[in-house]
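The following features are taken from TrEMBL:
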- Asp14: active site, nucleophile (ACT_SITE)
- Asp16: active site, proton donor (ACT_SITE)
- Asp14, Asp16: Mg(2+) binding site (BINDING)
- Asp25, Asp100: substrate binding site (BINDING)
Amino acid sequence: MVAPAVANGLVVFDYDWSLINDDSDFFVFQQLQPAVLEEFAHLVHDGAPLTKAVDDALGRLTCTKETLVEVMARVPVQPGMVDAVRLAHEKGWDVAIVSDANTVYIQSMLAHHHLTSIISQVFTNPSSFQGDRLRVSPFHSAERPPHGCPRCPSNMCKGRTPRLAHDVVFAREGCELLRRIRADPVTARVVPWSTGLDILAGFHCHLNIESASR
């Protein structure tokens, strides 16, 4: 089905523990070289900015570019999640990703699941290969003025929490977003979820209602 010229609205996915069922930074090191995962964890524990810690740890990998891309393409995804992305697109909604991962991780997964043409925009830390070495830099560089959001890391602000009554936030049980919303409630309707099938069912309900009301 071809999406209408004017989208019905915007669906925004996070990536780690949302669109995928893992933390992409930890996953890549665990799968390729567990010893590097230990070094990465130490860098984070010692207070290194996350993007710099990821970049430094990636420099210690000895695999090829092709191996890294193949591993990240097969990062775990819950049943129902890919179908939810396709459903939103079929209903005429723009689908975007806002994530503190990086472009190579995300593009590898999207290509594997044939989702590249469905995702309208990806806001994440830029990355590229220099030979077999993957380099990652902050989305919000140190040269730019601070974004001033106390809720987000210095390298990336994921935007204002939805405030409108017709907005819906799907927040995963047991994750930081739901804890923060419960501590600081928002006007938007909040739908807790545990599996990709919960997201798919929620989209079937919400996207159909919203599309019919326009």
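Heads up, the Cβ atoms here are built off N, Cα and C, so glycines get one too.
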Distance [Cα-Cα, Å, rounded] between Asp25 (substrate binding site) and the residue listed as 'active site, proton donor': 9
Local Cβ density at Asp16 (active site, proton donor) - other Cβ atoms counted within 10 Å: 19
Number of other Cβ atoms within 10 Å of the Cβ of the residue listed as 'active site, nucleophile' across all protein chains: 19
Cβ-Cβ neighbours of Asp25 (substrate binding site) (radius 10 Å): 23
Spatial separation of the residue listed as 'active site, nucleophile' from Asp100 (substrate binding site) - C-alpha basis, Å: 8
Asp100 (substrate binding site): tally of other CB atoms within 10 A of its CB: 22
